[in-house]
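As structure tokens, the structure follows; a few thoughts come after it.
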Amino acid sequence: MTDLLSRAHADALDAADPLRSLRDAFVFPQHGDRDQTYLVGNSLGLQPRAARAMVDEVLDQWGTLGVEGHFTGPTQWLTYHQLVRDALARVVGAQPGEVVAMNTLSVNLHLMMASFYRPTHERGAILIEAGAFPSDRHAVESQLRLRGLDPATHLIEVEADEPNGTLSMAAIADAIAQHGPRLALVLWPGIQYRTGQAFDLAEIVRLARAQGAAVGCDLAHAVGNIPLTLHDDGVDFAVWCNYKYLNAGPGAVGGCFVHERHANSDLPRIAGWWGHEQQTRFRMDPQFVPSPGAEGWQLSNPPVLALAPLRASLALFDQTGMAALRAKSERLTGHLEQLIHARVPQVLQIVTPAEPMRRGCQLSLRVAGGRAQGCSLFEHLHAAGVLGDWREPDLIRIAPVPLYNRFSDLHTFVGQVEAWAAA
């Protein structure tokens, strides 16, 4: 009988994997004469092989047509951002008109808060999770100060209440209920970046809206990682980056969702010419007439060269579907969890929740012995060509991505942990 935790079994799982050929669609950094064991797609996804051809297509069109490339050629730049719209909508569970690729995450967060954070004398507080990604916290604090409000009184942080530093739904519900009459906005992640915990966004929306608060989401670690249903959940807005699980390259164009109930609203916004309705944009009229839906929040014409790699990656998502990717992801992360518990339980503590519905692909790991030991292991892994990432003060994050990671990669990782522990 095959040992279910053996490398031979992992190799058999890889051979039987219906998605195994997707790995060939990506370029892997090299370690000596082999591919790196790349388990850091939660920080930067790998380059799709098709990305180079799509970037070259834009360069060729620029060289051949010059400015006319905006209106002629195989991919007109006037509407290039719409080439990724439908696929992005499928990834996040939205209607096509509810999404747009533009700017970057933090810029989009400020744009959304300018419209959806509408403080009054009685209702001006913003609720976030304690330990939120620093850029989100910076954005929230600065928005409060721009409105003449003090973060000390108007920024409410929900503290972790579970042993590993994660948050129960009960704690979130209690905070929303306790502060409900003061809340103007609940800003919540799809997945918490340090712990890897996934949240029930539909329930958070239900609780917040019952109190009269708007709801926005940072989906940086959720988009392309777990299935999302933003339209059905009723989120007011969401923002994300496309360089992690959506593999659009370093500093890639971000994404934004605005629920269709706001499509033709008179919400105040920070406006720019590319958000003006397309049919009359080039009349250059002084009055701003927003495009319906999320596109009405655009400022400038999109960076076409930066959108090209996103097109390449989204084609793979359309080819495969989030359901199939999620099924493999649960198996990969579950296998990693089993290996850690069976082979290195005295070395690694898993911080991320064990329930599959409360996590994505990432496991956040704390090394026994404290920060110095964690740094030592991280450096050992890097030297061995096994890439995760480090998050202060003491976590190693490992993210097996179903598009390109294998079950055997997880054995390589655990084997290197064992080698370090035995040294």
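Think of each number as a place in line: the chain as shown, counted from 1.
Each Cβ is built from the backbone N, Cα and C atoms, and glycine gets one as well.
From the candidate list Tyr38, Tyr243, the residue Swiss-Prot records in the pyridoxal 5'-phosphate site shared with Leu105, Ser106, Phe133, Pro134, Ser135, Asp136, Asp218, His221, Trp273, Asn301 is Tyr243. Working note on the binding-site residues Phe133, Tyr243: by count of other C-beta atoms within 10 Å of each C-beta, Tyr243 ranks first. Long-range neighbours of Ser135 (pyridoxal 5'-phosphate binding site) (same chain, six or more residues apart, CB within less than 8 Å of its CB): Leu105, Ser106, Leu109. Listed in sequence order, Trp77, Trp274 are the same-chain residues at least 6 apart in sequence whose CB falls under 8 Å from the CB of Asn301 (pyridoxal 5'-phosphate binding site).
Taking the recorded positions Leu105, Asp218, Lys244 in turn and counting surrounding C-beta atoms within 10 angstroms, the largest count is reached at Asp218. The CA atom of Lys244 (N6-(pyridoxal phosphate)lysine) is located 13 Å away from the CA atom of Asp218 (pyridoxal 5'-phosphate binding site).
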